[in-house]
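Here is what TrEMBL records for this protein:
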TRANSMEM  A:28-53  transmembrane segment
DOMAIN    A:78-275  domain 'ABC transmembrane type-1'
TRANSMEM  A:78-104  transmembrane segment
TRANSMEM  A:116-137  transmembrane segment
TRANSMEM  A:210-234  transmembrane segment
TRANSMEM  A:254-274  transmembrane segment
TRANSMEM  A:304-329  transmembrane segment
DOMAIN    A:356-551  domain 'ABC transmembrane type-1'
TRANSMEM  A:362-381  transmembrane segment
TRANSMEM  A:393-415  transmembrane segment
TRANSMEM  A:427-446  transmembrane segment
TRANSMEM  A:491-511  transmembrane segment
TRANSMEM  A:531-558  transmembrane segment
Amino acid sequence: MKALRFWLEAGEAAVPLWSPDQRVARGLGWLAAIGLTLFIALPLLAILLQAVIDSESGQLSLAPVQAVLASPGFLDSLLGSLTVSLATVALVLPTALVFAFALTRSRMPGRGLFKLLALSPLLAPSLMPGISLVYLFGNQGLLKSWLGDASIYGPIGIVLGEAFYTFPHALLILLTALAVADARLYEAAETLGASRLRRLLTVTLPNARYGLISAGLVVFTLAMTDFGVAKVIGGQYKVLALEAYKQVIGQQNFGKGAVIGLMLLLPAVLSLLVERWVAGSRSASLGGRSVAFHPPENRWRDGALWLFCGGVLIGLLALLGVAMAASFIKLWPYSLELTLAHYDFDQMDGGGWQAFRNSVQMAAWTALVGTLGVFGVAYLLEKMPLPPLARQICRTLALLPMAVPGLVLGLGYIFCFNHPANPLHGLYGSLAILVLATVAHFYTTAHLTISTALRQLDGEIEAVSATLCRPFWVTVWRVTLPICLPALFDVARFFFVSALTTVSCVIFLYTPDTVLAGVAVLNMDDAGETAGAAAMATLIVATALLASLLLSAAGSLLNRRAQAWRGQPH
Amino acid sequence: MLLKQPQLPTPAATGAVPDWLRFDRISKRFGAFTALNGVDLTIRRGEFVCLLGPSGCGKTTLLRVLAGLTAQDSGQLYLGGRDISRLPPAARDYGIVFQSYALFPNLNVADNLAYGLRTDRASKARRVGELLQLVGLPGCEHKYPAELSGGQQQRVALARALAQSPSLLLLDEPLSALDAQVREHLRRELRQLQQKLGVTTLMVTHDQDEALTLADTIAVMNHGVIEQVGSPEMIYHQPASRFVANFVGRANWLPVEVSEQGEVRLAGITLALPATALPQGWADMGWPSTAELFCRPEDVQVAPHWAPGDNGLMAFVERVDFLGNVRRALLTLVTARQISLWAELGPNDAGLEALVPGQLVPLHLPANRLRLFAEAA
């Protein structure tokens, strides 16, 4: 017992000074570590074991991995995945860079609206662009002739769909990278006689290079691990993510699915390592004495950028809007009468309206559980004297989900919670497991948002409260939580929208009772009910939009009420 | 007096408990870095003590150990005879003001002050009113911290620290975030308030002026140990170590020769030195052949005319800097031009007119202001 205690508190001062509330915090820290281990670490361990344990002998062996690697078609899938992912990066990265440049470094009119529209793909499931592409360029597509002899069912369709799906992610990263600009650098370059082009090449791009690398990695990983687009529009073209999906769903071959899933984990882990390595060598690009950069007037530049951004938006909105429009049309493109028939989901396979109700319920729970859980863990990590081991576990596991594709996490949940020996086996097949898996899948982004907000608070607030004889939960309730509310609303919105649109993580976990809207889109498309799938996708977009607007409105209302104390100190 | 301090010590009583607060061999390491190396310190009841030192000397760590916010590796703390070494912060009976003030930004001034009070609404409001009166901010109850100036925020933080009438007040660089004029003003007010309440105060600062004007006692820290404890006059005029002499005020360091009998000669001239100017133990352990003489620039007296007397030397004026209230001159000794020293003269000093570059001036080093130190390693 003594040895255990020593081990648990190793690395700390010999004299513990914990007040009763700090003891509670340390207990909660262990609880958080256990929770994160159960719902993030164990599923990943389960998929790993599944891949290296021979299903017949039960022995540890690399035979299953070798079998998959040697199987016909694996190399094709791998090459296919790499091809479309790299092509997506090549298409998205320059486009997003110019778009981000236009939003941050020009005086182009309508920048706010452009940004909102450019981020709209975040509201849609990744299957949606696939459906739109079918309507536009498919066998009965309006614009089929544009492609000539080429077919949209294959790499072209996949790349276009992935580009739609990944564009807002790249844009957000590049906007952050370009938003910080030190005017003094530009003034210095100008006084040294550098031309505009030279300033772009020597000041703007080098400062954004970490953002570029980061955005490239994110786009590559997303495109590599998504199977939704390939499922809808891939035709006979083989990609790894779809292969894993087919092995598990179509052939119940869990072992092979696990191995392919692990292959998908590789690029994600690699890109995380590269990003860490790059981030380690960067210094703060904006010091305390930086002067904010205000772009000068330049009609030609602004006009050209406006045209470019407009073109990109037309493309994005077409892939969003065509499916929406088609969902109201009787028989695209032959009978253009308006109808709501496609919304009569209960007449179709795929889950009916129940799927939509489940989705909203699941998203609401995810937003609630996720936001409070993430805040709790982040608060303990940032502000409380946790035992070092618990702290290390929480830190690591909070950042791990970033590197785990939804498909892999979902598979891990099957292996972990479908195991009869698991005491939490009862969760399997419930709505709760869908909520937990979704929270785990999107954990890292939420964690980083809330940690950043918490770090902006004065570090001595907890110390002052302790000296004023108040336990930390009083301080959380009266001070920390009110100050962090805007961040909490952001995170709740993120969780809600992500839970509504996600397919990859939950595709293996739903039951007929807990079928979700995103899954219904997939199933209806599979069953040939393309219009029904478009209608359900439209419903998802509309709900995500409504929830975003409501949460933003609530957030800004609170912000206005808090203006008295958020005012600038003089 | 607006504040009722139940155990308010009278000035006469303050000396009664000489070791009311006691640090006993406090040590703290952060990895390979030793922040505190066996610190001993005792503080009288009602005393105003400043922990003075450069950044990284361990002064803030010592304050945080006393506050219970950082756990010491070894050593004990006693407050009023009670061992508080292992008590959590809330059980130690002190108020603290941090450098950042750490005011709760979303609570107004009244709620900030009442945060730790556990009484009914009416007595809370009464106490808040008293506290605001005390720090000179009456009527500020409903303002938010962001609506206050830096100096006002500092007063609110001070009032909050005093809200529960603690017997000990801890201040962590409370004035360093303010601009010079406000700082000087608040310094005076802080001193008056402390004397009025008689609350024992421990303040951390790196600003020597602040320590000299505020403190009853200064503890100068360096590299995790206390180099000297004493009154401001003692710290300034009789520094116990070369570090203290350099850190507080400006210093001239003059190379001197020491004979076997203990005669000290500067540039060939034998100096008259009181026994207190010599480091203890030198007389017993044997004299070093060379040493360094410490003398503050303002103690160097420049005379308009030569007059006979002890410790008189002749020097050339090399350079004169006008600093407003004083003139600072760089002098070199006539008999040893390589030895230079600074002299600071005020507008009323007799020798001021003689300070012209190139001029030969007589100077006098007052024996009671000189101290001898071993040569720097």
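All positions are counted from 1 along the displayed chain.
Every residue, even glycine, has its Cβ placed from backbone N, Cα and C.
Any TrEMBL annotation is an automated prediction that lacks curation.
These numbers come from a predicted model, not from an experiment.
In this chain, the transmembrane segment (A:78-104) touches the transmembrane segment (A:210-234); three or more CB pairs sit within less than 8 A of each other, excluding pairs fewer than 6 residues apart. In this chain, the transmembrane segment (A:116-137) touches the transmembrane segment (A:304-329); three or more CB pairs sit within less than 8 A of each other, excluding pairs fewer than 6 residues apart. Sequence-distant neighbours of the transmembrane segment (A:28-53) (same chain, 6+ residues past either end, Cβ-Cβ under 8 Å): 59-62, 64-65, 254-255, 258-259, 261-262, 373, 376-377, 380, 384, 386-387, 389-391, 393-394, 397-398, 400-401, 404, 408-409, 411-413, 415-417, 419, 424, 436-437, 439-440, 443.
Under 8 Å from some Cβ of the transmembrane segment (A:116-137) lie the Cβ atoms of residues 99, 143-144, 146-147, 152, 157, 160-162, 164-165, 167-169, 171-172, 226, 228-229, 231-233, 309, 312-313, 316-323, 326, 332-333, 497, 501-504, 518, 521-522, 525, 530, 533-534, 537, 540-541, 544-545, 548, all in the same chain and six or more residues away from its ends. Beyond the transmembrane segment (A:78-104), the same-chain residues lying 6 or more positions past its ends with a Cβ under 8 Å from any Cβ of the stretch are 111, 114-115, 118, 155, 158-159, 162-163, 166-167, 170-171, 174-175, 177-179, 181, 204, 208, 212, 215-216, 219-220, 223-224, 230, 237-241, 263, 267, 305-306, 308-309, 312.
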